[in-house]
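What Swiss-Prot lists as domain 'Glutamine amidotransferase type-1' is 5-195. Taken from Swiss-Prot, the feature active site, nucleophile applies to 82. What Swiss-Prot lists as active site is 169, 171, and the listing cites sequence analysis. The annotation domain 'GMPS ATP-PPase' is assigned in Swiss-Prot to 196-385. Here Swiss-Prot flags 223, 224, 225, 226, 227, 228, 229 as ATP binding site.
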């Protein structure tokens, strides 16, 4: 497919993914690439324009990130943001100097030149600055578009070559007209049409999957989570009964989850789903184990063995579907990433399983995967399912995992989810669940002394799960949840609410 694209070069900014996402919100496809990408690779991508992201370096640092100089010979529009503008200025013969003081936060810029980026926008704008260096003399051919009290060149342009630079961050919401400016670059400067939609994405992926698979057989490990569900339905749309899904019920799922998965995929989507009831097998392996890391390893390894056993029964499988997301690719693959993560989308499958991978979601962000799921007709309760750990309730039962304890977590968690949804808070809270700490306490129920379990409620708000704050659930909602749990769930006489942020605590207790 010859789709239009804006390429974003990653120079290490904390906002680089945000630039890509903003452009996609305009209906234009965009990809984030390492700053080391060669000019000929960009040409092969059929890019309509290039954006240089910000970054923590100074252009004068010995280890400063730079780019292939041939990029400036491609004849493509370029927008440099923050460090990206400084790099352009430095490379093209302008002057970059250390600022007398680092500028961080909101600033007021004055527009001095009615370039295409600023045409029709206010002469005074609030923007978001975050820089230690600044451009003090523009390169030849560039006009100064805007200034601020502490930044003599807050924006510059060479309209003949369609090259622009802004010292501020238009991708951040604090830059009031930032979105307008980015739109002007994408549509008016680069000439994009804005026809990248989920419908187009589905059509293109269906074509690619059919081309890749031909008449061969495909396997998918279905967890019931958002990513594996959307990937499975998309692949099924492309190749139908050539796809077989394996759903391992390890007995550590939430209430009604296994039934919901089977109903949705086997009945609604008419997919080949093999359900493996492995509850006894997992509980036997977990007997007497209290260490959380050991529990994780046992559950992860056992999942592999069960999946491997089932896969071995199937003949002629050549492909494996994985729900890898674009964020996984970015975090694992860019040279500027601060943290490298390894991602195991199906629980870390054995290396000797010689399958060719199908990763239909590996160009999408999480919110786009949800939009795709909705477009494919997947029910809201799956599309909007919260993050759920691979080991499931095995790490929400602290200490040894038993059937009795799992039942307490299952029932209390179901009450929590029901009441949160009833209160209209289910889309506001990032994640909410109950935990069973390995403690009992004294209580009084029906005039009799009790010595029973405590249930903890954990609910957090977050953007990406990296940091989180405890959710301010209204007292009356908490009261209803607590009353129902102690009245409806056997062996519970106390409910507590975890009011710790991340950091210092993690979202999960184990």
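Residue numbering: from 1, along the chain as shown.
Glycine residues also receive a Cβ, built from the backbone N, Cα and C atoms like all the rest.
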Work out the three-state DSSP category of residue 229 (ATP binding site).
helix
So which recorded positions out of 169, 224, 227 end up within 10 angstroms of residue 82 (active site, nucleophile), measuring C-alpha to C-alpha?
169
Within the same chain, and leaving aside 223, 224, 225, 226, 227, 228, 229, name every residue whose CB is within 8 angstroms of the centroid of the CB atoms belonging to the recorded ATP site, in sequence order.
222, 230, 231, 323, 382, 385
Can you work out the mean pLDDT of the predicted model over the domain 'Glutamine amidotransferase type-1' (5-195)?
93
How many neighbouring Cβ atoms, not counting its own, are there within 10 Å of the Cβ of residue 227 (ATP binding site)?
22
Could you check the binding-site residues 223, 229 and say which one's CB has the most other CB atoms within 10 Å?
229
Counting every protein chain present, what is the number of Cβ atoms, excluding its own, within 10 Å of the Cβ of residue 226 (ATP binding site)?
24
Taking just the CA atoms, what is the gap between residue 171 (active site) and residue 227 (ATP binding site) in Å?
27
